[in-house]
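If you check TrEMBL, you get these features:
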- 1-11: compositional bias 'Basic and acidic residues' (COMPBIAS)
- 302-320: compositional bias 'Basic and acidic residues' (COMPBIAS)
- 105-578: domain 'Major facilitator superfamily (MFS) profile' (DOMAIN)
- 1-26: region 'Disordered' (REGION)
- 40-62: region 'Disordered' (REGION)
- 302-347: region 'Disordered' (REGION)
- 104-126: transmembrane segment (TRANSMEM)
- 138-159: transmembrane segment (TRANSMEM)
- 171-190: transmembrane segment (TRANSMEM)
- 196-218: transmembrane segment (TRANSMEM)
- 230-253: transmembrane segment (TRANSMEM)
- 259-279: transmembrane segment (TRANSMEM)
- 383-409: transmembrane segment (TRANSMEM)
- 421-440: transmembrane segment (TRANSMEM)
- 460-479: transmembrane segment (TRANSMEM)
- 491-512: transmembrane segment (TRANSMEM)
- 524-542: transmembrane segment (TRANSMEM)
- 554-574: transmembrane segment (TRANSMEM)
Amino acid sequence: MASPDAIERGLSRSSSPRQAQLHDREKIEIESIVSNEEAIPTLEPPPHHHHTHHGHGDGDDANTLAGGNFKYEYLTFDTDVSLPGLDLHKYHSALSWTATHKTIILVLCCLCTFFAAYSAGSYSIASTPQRAKWNLSAVAFNTGVTAWAVGFALSPMFLAPFSEINGRRPVFLASAVIFLLGLIVCATTPTFAGMLVGRVLVGAGASSFSTMIGGVLSDMYTNEDRNTPMSVFSGAALAGTGAGPLCSGVIVSHVSFRWVYLHQVIGVGCLLVVVYFFFEETRGSVLLSRKARVINEYLEKTDHEREHEHDHDHEHDPRKNATPNDNTPEDPEKAEPKPNPSPGGVPTRLRYKVAADESRSSFAHMLYLSLTIPFKLLFTEPVVFFFSLWTAFAWALLYMTFSVIPLVFSTRHGFDTEQSAAVFASITIGSILATIVCVFQERVAKQYWPKLTTSPEGRLYFACLEAALLPIGLFWFGWTTFSSVHWISPVLALGCAQIGIFVIYLAVFNYLADVYHRYASSALAAQGFARNMFAAVFPLFTDQMFRRLGYPGASSLLGGIAALLTLVPWVLLFNGEKIRARSKIARQIMSTEHRR
């Protein structure tokens with residue numbers, strides 16, 4: 001065991017320059033550590049219980065507390081604790097990981113997102129055998145899409161508190177298990193009611209399997225470095241949406257529709273094993289809590305051993321038998337060192353605590369906040385409302401393709417299930433192209449127009465132009481669905497529209513994360529809820545809409561709405577700061593950020 005002096009030297013070291021620099025340039029509120037932004041009372045009413053808040057006591061350091069014979073210091077990632085024989089490397093902040101380490105986690109996250117999105121689209125393409133088995137109408141069958149989307153919309157709000165307390169990895173693994181269980185139910189159920197239950201489970205598991213990745217990326221990347229990984233993540237999500245019906249259409253054309261779900265069971269099962277062994281915890285507050293616990297256990301053990309050695313030496317010290325009249329002077333060099341006593345005469349022992357553990361509310365209160373703050377933001381913040389409306393409509397259009405593509409290409413071009421499934425390749429290819437464009441345009445912007453990346457509105461310049469591809473693609477698709485027009489034209493139109501959807505998805509995520517800081521996850525949960533509820537409802541009337549209005553008419557109606565919503569980023573581009581200044585909540589968040 002290390003000597004007490006070695007331990008004290010290790011505990012008294014200052015933070016490393018690399019870590020200090022890392023956190024100095026971190027300007028976004030990362031849930032990982034401790035938010036030093038003030039809570040907004042309108043959004044976060046105080047819990048019924050009271051926490052003990054420690055500030056500047058009488059003579060105490062701001063980060064140091066004394067309790068009894070223990071001296072407590074707040075542990076942060078800037079606290080460099082080096083103890084002989086104790087490896088604390090695995091508790092380092094994810095921000096300080098190497099590029100290779102981050103890339104491995106990013107790849108795992110993208111695979112999870114891909115499978116989550118894959119499960120959404122794989123269902124509809126297998127409609128013919130499933131409708132025949134259970135004697136279902138098109139609307140009744142499409143409730144399977146609705147069930148998936150509802151599970152996807154609601155799950156993150158209930159699981160968010162678990163993530164805050166237990167970390168991302170346990171929730172990640174639990175979500176994967178729920179995801180896998182739902183797929184097994186879908187693959188084996190003899191009834192359509194069982195299929196709906198399975199679809200809800202698949203959506204719920206896939207949701208956390210996917211939406212939590214935004215938090216993982218915030219744990220690993222700073223604000224200025226986040227665009228590329230976020231683009232790759234978005235590309236995986238949207239590419240998976242197209243790959244699901246693409247692959248499942250081929251499967252259902254040759255074997256039983258059960259294999260549409262069984263091959264996902266195999267894939268998600270293998271992914272679960274990989275995630276179990278290779279996915280590491282990234283949430284900083286959880287890492288700090290674990291680090292503090294390990295250090296305190298080490299110090300506790302050291303203190304016990306020190307006391308044991310002291311008692312043992314005292315028992316065998318011949319001086320304990322000296323008479324009171326023994327006036328032999330004690331050799332100072334041989335005298336036993338005495339620990340530094342506290343004011344009460346008891347030796348002071350150093351321990352560590354984590355501010356996030358003290359400031360954390362009860363689970364019930366966190367669940368309450370998780371269920372209420374997103375809706376408060378959605379219905380009181382114009383920015384959140386209109387951005388949610390914009391991305392929700394785009395997302396609904398993506399889910400409408402599950403029904404539109406087989407309908408249009410089977411009636412106008414005589415495509416069978418496998419050929420209709422191949423059309424979904426346009427969605428996957430469009431997503432991949434959009435990912436590449438967004439990654440490189442960010443680098444170009446940093447090089448030639450660095451001011452574009454210094455404000456939230458700077459992220460909207462490219463989105464204002466590229467989002468127009470969505471209404472363009474819709475009009476293009478609708479007016480080239482005639483059988484006299486080659487099928488490649490509407491396919492290209494779908495790819496064009498998909499690029500627009502991708503740009504909207506990415507712009508909304510980045511903008512809300514930049515603007516709402518402490519409440520970024522709640523703002524994103526609000527738009528996620530709106531997005532998936534739109535996706536749950538729109539497929540229910542897709543067939544009737546296109547049959548009654550006609551393919552050009554229905555597409556033009558959707559294209560007109562999309563064109564109108566494309567004005568949203570333009571308004572924010574020129575008036576974003578003014579709009580936020582008029583909002584009480586956004587104004588408080590901005591003022592808090594300026595004081596940091």
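Glycine residues also receive a Cβ, built from the backbone N, Cα and C atoms like all the rest.
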>> Contact between the transmembrane segment (104-126) and the transmembrane segment (259-279) is defined here as three or more C-beta pairs under 8 Å separated by at least 6 residues; is that satisfied?
In response: yes
> Taking contact to mean three or more C-beta pairs under 8 angstroms, with sequence separation of 6 or more, is the transmembrane segment (171-190) in contact with the transmembrane segment (491-512)?
Replying inline: no
> Per the definition of 3+ C-beta pairs under 8 A with sequence separation of 6 or more, do the transmembrane segment (460-479) and the transmembrane segment (554-574) touch?
Replying inline: yes
> Are there three or more C-beta pairs under 8 angstroms joining the transmembrane segment (421-440) and the transmembrane segment (230-253), sequence spacing 6 or more?
Replying inline: yes
> Averaged over the domain 'Major facilitator superfamily (MFS) profile' (105-578), what pLDDT does the prediction give?
Replying inline: 87
> Going through 104-126, 138-159, 383-409, 421-440, 554-574 one by one, which has the most CB pairs that fall under 8 Å from the transmembrane segment (524-542)?
Replying inline: 383-409
> Should the transmembrane segment (196-218) and the transmembrane segment (554-574) be scored as in contact, given a threshold of at least 3 Cβ pairs under 8 Å and pairs 6 or more apart?
Replying inline: no
> Among 104-126, 138-159, 554-574, which stretch has the highest count of C-beta pairs below 8 Å with the transmembrane segment (421-440)?
Replying inline: 104-126
